[in-house]
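**Q** This is the structure I want to talk about, given as structure tokens.
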Amino acid sequence: MKSIPKLFGTSGIRGKYQEEITLELALDVARALAKYIGGKNKKVVIGRDTRTSGKIIENVMSAGLQQSGCDVLLLGMVPTPVVGYATLKKEADAGIMITASHNPSQYNGIKLWNSDGLAYKQDQERTIEKLVYEKDFNIVKWNEIGKEYDISSFKDKYIDDIVAKSGINPLKPLKVVVDCACGAGSYLSPEALRRAGMNVITLNAQPDGSFPGRRPEPNEANLGELMKTVKALNADVGLAHDGDADRMIAVDENGNLSDFDKLLTIMAKEFGGTVVTTVDASACLDIQMQKIGGNVLRTPVGDVHVAESINKNKGTFGGEPSGTWLHPDFCMCPDGLLSGLRIVRTIQKNGKLSKQLDAIENYPTIRQKVTCENSKKKTVMSIVEEKFEEEFDDVKEILTIDGVRISFEDDSWVLIRPSGTEPYIRITAEGKTQEHLNSIEKISNEFLNNII
């Protein structure tokens with residue numbers, strides 16, 4: 001019996017348009033989703049980012065859903081969090097976001113959402129894959145075909161609701177530069193900040209799926225213009241999004257890109273209680289949360305894992321160092337726009353972003369990768385799980401939920417995990433001192449090189 005091909009990765013289905021992401025696949029995924037949620041009279045929300053292939057994929061998926069008896073609610077071009085929120089508020093049975101997030105313009109993808117605004121879990125994705133593989137669809141009669149509705153006006157409600165939820169003081173305006181990457185947040189993110197009373201300067205805020213202003217990945221290599229502009233205009237903060245605006249990265253008032261882990265920690269401290277992050281996040285989060293009586297739970301890499309843990313453990317906040325943050329008091333969908341508003345609120349409340357970041361201790365880190373054929377990864381990781389801890393004598397805690405993460409008595413740590421997309425084993429480590437980090441790095445590399 002043939003194994004069912006894997007379509008979903010860590011964040012939906014993703015690939016190059018007309019290669020991995022074909023119109024035939026989009027049609028079949030829509031039909032499979034319709035079958036999964038019950039078909040006739042069910043409602044599905046669809047949104048898309050600015051990519052040039054988005055509209056035609058939207059058309060095909062809408063047709064597949066209607067062909068299966070579902071009604072389709074079209075948002076048009078919107079950030080991913082609008083899809084999650086609309087699915088929740090419109091009491092739809094599912095949501096679809098057509099996006100490849102931070103990937104280049106020739107890519108696109110499909111991400112699915114539950115009725116509560118939570119991304120599809122792995123077991124749900126496996127079911128969709130099985131239905132697609134077996135072509136197990138229910139096509140309805142001519143008089144049972146679903147209808148299509150335009151709900152693009154919902155965007156205004158979303159903006160009003162995130163502004164209200166953010167806690168921003170409109171009587172204390174700050175100068176904010178926002179770089180939208182010509183992505184799905186190009187209108188909504190600046191508009192939300194303006195409605196919140198901020199003085200807004202925009203960069204790359206013209207929707208364009210070829211991403212002419214900068215690459216959609218919000219990292220230091222792509223944010224030079226934002227950093228220069230913040231400093232030149234004496235702005236209070238700069239905000240940057242990826243292609244679908246489910247992420248947010250900040251630049252401080254001096255034009256320096258914020259350390260991702262520290263930025264996550266600043267926001268987590270605002271909520272307190274139980275916060276959730278991934279295995280690759282810095283120990284600075286744990287240390288700062290301990291100081292205020294909170295605690296940190298860790299999950300495998302991927303926002304859906306963070307969301308599941310928040311739900312299960314009544315978390316107050318969650319996120320990944322990449323800038324993907326979840327605000328459970330609003331919606332379980334990662335939301336870069338609300339994240340940006342709330343960072344502005346912390347500056348109003350606590351002062352300059354640079355000072356907030358400087359108050360969190362720096363720890364030296366390394367991020368490396370060791371070449372390992374995909375066929376060897378399972379064997380290598382089983383040896384890591386069984387033997388790696390024996391290389392150290394000051395182990396405090398071991399996590400094996402996504403690779404192997406070893407924490408040491410001084411709060412240093414090392415994570416070894418296989419890349420999900422490339423032929424590498426990744427080493428991430430953080431040391432309380434440079435000397436300890438150097439020792440961890442040497443031991444980790446020697447161990448891996450001996451078993452690969």
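Just so it is clear, glycine is given a Cβ too, placed from its N, Cα and C backbone atoms.
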**Q** Looking at Mg(2+) binding as recorded in Swiss-Prot, which candidate out of S101, S407, S412 goes with D242, D244, D246?
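**A** Mg(2+) site check in Swiss-Prot: besides D242, D244, D246, the record includes S101 out of S101, S407, S412.
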**Q** Name them in sequence order: residues not among S101, D242, D244, D246 whose Cβ is within 8 Å of the mean position of the Cβ atoms defining the Mg(2+) site.
**A** D49, P79, T80, T99, H102, G183, A184, P216, H241, G243, A245, R247, P334, G336
**Q** Using Cβ-Cβ distances, find the residues under 8 Å from D244 (Mg(2+) binding site) that belong to the same chain and are at least 6 apart in sequence, listing them in sequence order.
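**A** For D244 (Mg(2+) binding site), the qualifying residues are D49, P79, T80, M97, T99, S101, G183, A184, G185.
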**Q** Taking the Cβ of D246 (Mg(2+) binding site) as the centre, count every other Cβ atom within 10 Å, in any protein chain shown.
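**A** Taking all protein chains shown, D246 (Mg(2+) binding site) has 33 Cβ neighbours within 10 Å.
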**Q** List the residues of the same chain that sit at least 6 positions away from D242 (Mg(2+) binding site) in sequence and have their Cβ under 8 Å from its Cβ, in sequence order, or write 'none'.
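**A** Looking at Cβ-Cβ distances below 8 Å from D242 (Mg(2+) binding site), excluding near sequence neighbours, one finds S101, H102, A181, G183, P216, E217, P218, G323, G336.
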**Q** Inside 10 Å of the Cβ of S101 (active site, phosphoserine intermediate), count up the other Cβ atoms and send me the figure.
**A** 26
